[in-house]
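Engineer: As listed in TrEMBL for this protein:
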{"type": "DOMAIN", "residues": "1-202", "note": "domain 'Plant heme peroxidase family profile'"}
{"type": "ACT_SITE", "residues": "His11", "note": "active site, proton acceptor"}
{"type": "DISULFID", "residues": "Cys13-Cys18", "note": "disulfide bond"}
{"type": "BINDING", "residues": "His110", "note": "heme b binding site"}
{"type": "BINDING", "residues": "Thr111, Asp156, Thr159, Asp164", "note": "Ca(2+) 2 binding site"}
{"type": "DISULFID", "residues": "Cys117-Cys143", "note": "disulfide bond"}
Amino acid sequence: MAASLIRLHFHDCFVQGCDASILLDETVTIQSEKGAIPNANSVRGYDVIEAVKREIERACPGVVGGPWWNVWLGRRDSTTANKSQAETDLPSPFVDPNELILAFAIKGAHTIGQAQCFLFRERIYSNGSDVDVGFATTRRRRCPRNGGDGNLAALDVETPDLLDNKYFKNLVERKGLLQSDQVLFSGRHRVGIYKETASVCS
C-alpha cells in the first residue's frame with residue numbers, strides 16, 4: 001500500500017498542487033479527479049485515507065483539523081477538483097525525456113510499486129538496445145504479447161518494497177520497467193547523475 005499512497009500523493013500534487021483535491025468525490029458541482037483517465041483504475045489508497053479519517057473522528061469526534069503551525073507557502077485542502085487538468089497535466093508513461101525533465105527532476109519514487117502490463121509491454125518486446133535481454137525475458141513471463149493487460153510487475157525486481165537506490169541501479173543496467181523511467185537515463189548530462197545516485201549505499 002505504501003507505493004499506492006505515494007502514487008496518490010503524486011497524482012494529487014501534480015494537479016493544482018498538494019491540496020487533497022484528488023480525494024473529493026463527484027457531486028453536482030464537482031467533476032472528481034478520481035474519474036480522470038490517468039487516475040481511474042490506477043490510483044488506489046482512497047480507502048486507507050478514509051479509514052484513517054474515521055479513526056481520527058472516533059478518537060476526537062467533532063474536531064476539525066488538529067495541531068497546526070504556520071507553513072510558508074502552505075496550502076489549505078481544496079474545495080474544488082480539476083478533472084480536465086488531471087487528464088492533461090499528469091505525465092504519461094510514454095512521454096519523452098525532455099517533457100519529463102520539465103515536469104520534475106529525478107523521480108526515485110518508482111523504487112517501490114508495480115505497473116500494469118499494458119504500460120510496459122512495448123518496451124519488453126521491442127528488442128531495443130536500451131533494455132537488458134534477460135530482464136525483458138523475465139518480464140515477458142508476467143506480460144504476454146497479447147492479453148494480460150492488467151497483470152502487475154514490480155517496478156524494482158530486487159527490492160520491490162524498499163525505498164532504496166536500486167531504482168537507479170536498474171536504470172544503469174537497462175532494467176527500467178517503464179520506458180519513461182529508462183529514457184530519463186539517456187542523455188549524457190543525466191547519465192552521470194544516475195550513476196552517482198546508483199553508487200551511493202542504500
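The backbone N, Cα and C atoms fix where each Cβ goes, and this holds for glycine too.
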Engineer: Report the nearest neighbour of His110 (heme b binding site) in space among the recorded positions Cys117, Cys143, Asp164, comparing Cα positions.
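Structural biologist: Nearest in space to His110 (heme b binding site), counting only the recorded positions, is Asp164.
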Engineer: State the Cα to Cα distance, in Å, between Asp156 (Ca(2+) 2 binding site) and Cys117 (disulfide bond), rounded to an integer.
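Structural biologist: Their Cα atoms are separated by 14 Å.
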Engineer: For Cys13 (disulfide bond), which of the three DSSP-derived states applies: helix, strand, or coil?
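Structural biologist: Assignment for Cys13 (disulfide bond) reads helix.
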Engineer: Take the C-alpha atoms of Thr159 (Ca(2+) 2 binding site) and Cys18 (disulfide bond) and report the distance between them in angstrom, rounded.
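Structural biologist: Cys18 (disulfide bond) has its Cα 28 Å from the Cα of Thr159 (Ca(2+) 2 binding site).
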Engineer: Return only the integer: C-alpha distance in Å from Cys143 (disulfide bond) to Thr111 (Ca(2+) 2 binding site).
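Structural biologist: Between the Cα atoms of Cys143 (disulfide bond) and Thr111 (Ca(2+) 2 binding site), the distance comes to 20 Å.
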Engineer: Express the distance between the Cα positions of Thr111 (Ca(2+) 2 binding site) and the residue listed as 'active site, proton acceptor' as a whole number of Å.
Structural biologist: 17
Engineer: At a 10 A cut-off on CB-CB distances, which of the disulfide-bonded residues Cys18, Cys117, Cys143 has the highest count?
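Structural biologist: The residue with the densest Cβ neighbourhood is Cys143.
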Engineer: Quick one: which of these recorded positions, Cys18, Cys117, Asp164, have their CA within 10 A of His11 (active site, proton acceptor)?
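Structural biologist: Matched recorded positions: Cys18, sequence order.
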Engineer: How far is it from Asp164 (Ca(2+) 2 binding site) to Cys18 (disulfide bond), counting Cα to Cα, in Å?
Structural biologist: 24
